[in-house]
Amino acid sequence: MPLFRYKALSTAGEMLEGQMEAGSAEDVVVRLQEQGHLPVEAQRADADGAGVGWSAPWRRKEFDEEQVLQFTQQLATLLGAGQPLDRALGILLELPETPQARRVVERIREAVRGGAPLSTALEQQHGVFSRLYVNLVRAGEAGGSVHESLRRLADYLERNAKLRGRVVNALIYPVILVVMVFASVGFLMAVVVPQFQELFESMDAQLPWYSEAVLHASLFMRAWWWAVALLLVGAGLWLAMRLREPDARRALDERMLRLRYVGDLVSRLDTARLARTLGTLVRNGVPLLNALNLSRPVLSNRVLADAVEAAAEDVKTGNGLGYALGRQKCFPRLAVQMIQVGEESGELDTMLLKVADTFDLETSNALDRLMAALVPALTIVMTIIVAVIILSVLLPIYDLTNAIG
């Protein structure tokens, strides 16, 4: 079993550090929780595990994704301009805005000054640079073109960031709509409905069943709002922990792929990620099997990641990449066919990057289709909920007015 370094908070508030043998970082987290500790970080202790581990979501990273991109772009520019590596790192040492980021650059520079290759220095910053990143730099060192590898890495990271940003930006409006639904319902049930309840009680009115249901729901929410909040938080935490279990996460990912709009989006998004990662690795001289193994962690869907693993086993037997991916029945046929054409023409890396560009566009189209279906649906749901609550108190008033008249 691999050895993991961990950090955790004890019940007394002390920061505990140690090492533990486990099958995965998630196993370390579970064991620490069973001991009553709050896990903060779990990282592979051996060099092969650089970039593999777990960190508490609330723990601020020394180097976030944007800083890694900036570091890569700036280092590629300086090395491309003919600056020695030590001098380039010295210049970059003055650029980071946070002390944590400066410490990372300083550690890299000290390792390089001590005679370590850049890839080894990056690998020693456990959890900061991914295995994919380190291996691309190592391939550049072997080919004598580190600055070119860094330039391609920067392009890869930038395109991935743009794709991720496109997805996040598209989801902002639906999230705002959902928040508005809950806020509107909360305001109506906590402020508006109680005022009508007092009116109905003063008039000793006989209310229809739907009005009684809304009034009782309002009373329950005002009396037990804290219990509802605790229940929602508890359910969210339970779901988050449940999804850390591989079987549960895979079952959810499998269902996601079956959903009409969501499945299309996930498939195209991960196809673009896989193709861009493979294309970048192969272009930098990384063997295809190694590239497939390094590409698996970039996929968000476990079913597709397992399909890549199975395809890698197929490639080991001598089959082509396009054939191996096509056998998995998970990836779009267009992507598989383009990859096969790239293999036949001897330009696999170029065709993989074209596949990535194509499915970047497909992802945008799938996002547009998803939003076109989701936004009106959420708007209709919000309108119906608000209308039901308002009508449940206005209709009895209308009936009372008619009775008095």
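The backbone N, Cα and C atoms fix where each Cβ goes, glycine too.
Note that the coordinates shown come from a computational prediction; the quantities given were computed from them, not determined experimentally.
Feature list (source: TrEMBL):
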- 71-194: domain 'Type II secretion system protein GspF' (DOMAIN)
- 275-396: domain 'Type II secretion system protein GspF' (DOMAIN)
- 171-193: transmembrane segment (TRANSMEM)
- 223-241: transmembrane segment (TRANSMEM)
- 373-398: transmembrane segment (TRANSMEM)
For the transmembrane segment (171-193), distant same-chain residues with Cβ under 8 A (at least six beyond the ends): 214-215, 217-218, 221-222, 225, 371, 374-375, 378-379, 381-382, 385-386, 389-390, 393
Per-state residue totals over the domain 'Type II secretion system protein GspF' (71-194) - DSSP helix, strand, coil: 101 helix, 0 strand, 23 coil
Overall pLDDT for the domain 'Type II secretion system protein GspF' (275-396), taken as the rounded mean: 90
